[in-house]
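J.: Structure incoming, see below.
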Amino acid sequence: MLYIKAPAKINLTLDVLYKRPDNYHEVDMIMTTIDLSDRIGLEASQDGLIKIISADRFVPSDERNFAYQAAKLLQDTYGIKEGVSITIDKEIPIAAGLAGGSSDAAATLRGLNELWNLNLTIDELAELGAQIGSDVPFCVYGGTARATGRGEKIEELPAPPNCWIVLAKPKIGVSTADVYGGLQLDNVAHPDTAKAIAAIASKDYSALCTSLGNVLESVTLKLHPEVSMIKEQMYRLGADAVLMSGSGPTVFGLVDSEARIARIYNGLRGFCDEVYTVRLLGERNTLA
Ligand SMILES: C[C@@](CO)(OP(=O)(O)O)[C@H](O)COP(=O)(O)OP(=O)(O)OC[C@H]1O[C@@H](n2ccc(N)nc2=O)[C@H](O)[C@@H]1O
Ligand SMILES: Nc1ncnc2c1ncn2[C@@H]1O[C@H](COP(=O)(O)OP(=O)(O)O)[C@@H](O)[C@H]1O
């Protein structure tokens, strides 16, 4: 069995420029991976079948699973006759704005490249991944990147300044399509992406904290007031900066002192079931 880590991402910035004729939105965002990961196990089989095994009943076990789609795409594109059993140990909350499904697909692409001896480059894997979802190319590379286009054009960035991340996920699932669909671009505050990139380049933690922004908050916070409540609570408990990740509803806070982490974590546990303290991974994935 080959095991691969599939880390979650957060969006440090998420700007939407305009709606495109293909119904996607042109985005400009900074994403970075965190050490909250699913674990993907891959076992080759000779029957040609793709099987999904997961103890989590919310993980689709058929062709709706993005990891299934990744394996099928490789089989169809390269005429692979082998099959694979894909075991997904789910740690990343589902439909949370953390790209769990996309990361499972990306890890499956990286792992099957090795298991099926395909010898594809990481750029080729990322290009294939774009056929599965807009966040998959970023997840193939991992690390920290600016993503443009519909999210599939990836430009590597250096690791952000060292800090802790507190994540809190309210008990609601959010549909990415619904959130983009509800966006009204004439009345949103756009993040300063260039300032955030400069802050990352110079490892300036304070400047990074003041340059976070996500235009999708304008939609999700209106639909789900509990997300605003969690943001306020995180600020009150002492986080240096707080933002919703992706289309939500997960909220993350940046903290640069270990001493404050326990207070924020414990304070949030009072009224939110799913709270995590994680580190930024910063650097890119190795190929497998
Ligand atoms: C918002 C973000 C930010 O990282 O993440 P999540 O909240 O999903 O984690 C992404 O843009 C989500 O990417 P992903 O979840 O891969 O989306 P896709 O499967 O490609 O698209 C789902 C739907 O979202 C909308 N969509 C997605 C990407 C984009 N640039 N414009 C869009 O309008 C489209 O309606 C599309 O049909
Ligand atoms: N491997 C997978 N893990 C989780 N969800 C998956 C997976 N494959 C497909 N999905 C579907 O993708 C949807 C979005 O899930 P996810 O990727 O976790 O969230 P998000 O798009 O908010 O980052 C879910 O509703 C789920 O049914």
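Note: Cβ is positioned from N, Cα and C throughout, glycine not excepted.
Heads up, here are the entries from TrEMBL:
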- Lys9: active site (ACT_SITE)
- Asp135: active site (ACT_SITE)
- Pro93, Ile94, Ala95, Ala96, Gly97, Leu98, Ala99, Gly100, Gly101, Ser102, Ser103: ATP binding site (BINDING)
- 65-143: domain 'GHMP kinase N-terminal' (DOMAIN)
- 197-272: domain 'GHMP kinase C-terminal' (DOMAIN)
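Just tell me what is around each of these and how deep it sits.
T.: Under the three-state DSSP scheme, Lys9 (active site) falls in the strand class.
Sequence-distant neighbours of Asp135 (active site) (same chain, six or more apart, CB under 8 Å from its CB) are Lys9, Met31, Ala99, Ser102, Gly151, Gly246, listed in sequence order.
Taking all protein chains in view, 30 other C-beta atoms sit within 10 angstroms of the C-beta of Ala99 (ATP binding site).
In the domain 'GHMP kinase N-terminal' (65-143), helix, strand and coil residues by DSSP number 43 helix, 8 strand, 28 coil.
Each residue of the domain 'GHMP kinase C-terminal' (197-272) gets a DSSP state, and the totals for helix, strand and coil are 42 helix, 11 strand, 23 coil.
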J.: Among all chains shown, work out which of the binding-site residues Pro93, Gly97, Gly101 has the most CB atoms within 10 A of its CB.
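T.: Of the binding-site residues Pro93, Gly97, Gly101, the most buried by Cβ count within 10 Å is Gly97.
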J.: Determine which residues of this chain, when Pro93, Ile94, Ala95, Ala96, Gly97, Leu98, Ala99, Gly100, Gly101, Ser102, Ser103 are set aside, have a Cβ within 8 Å of the centroid of the ATP site's Cβ atoms, and list them as they appear in the sequence.
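T.: Near the ATP site, the remaining chain residues are Ala8, Ile92.
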J.: Can you list which of these recorded positions (Pro93, Gly97, Ala99, Gly101, Ser103, Asp135) have a Cβ closer than 6 Å to ligand 1?
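T.: The ones that qualify, in sequence order, are Gly97, Ala99, Asp135.
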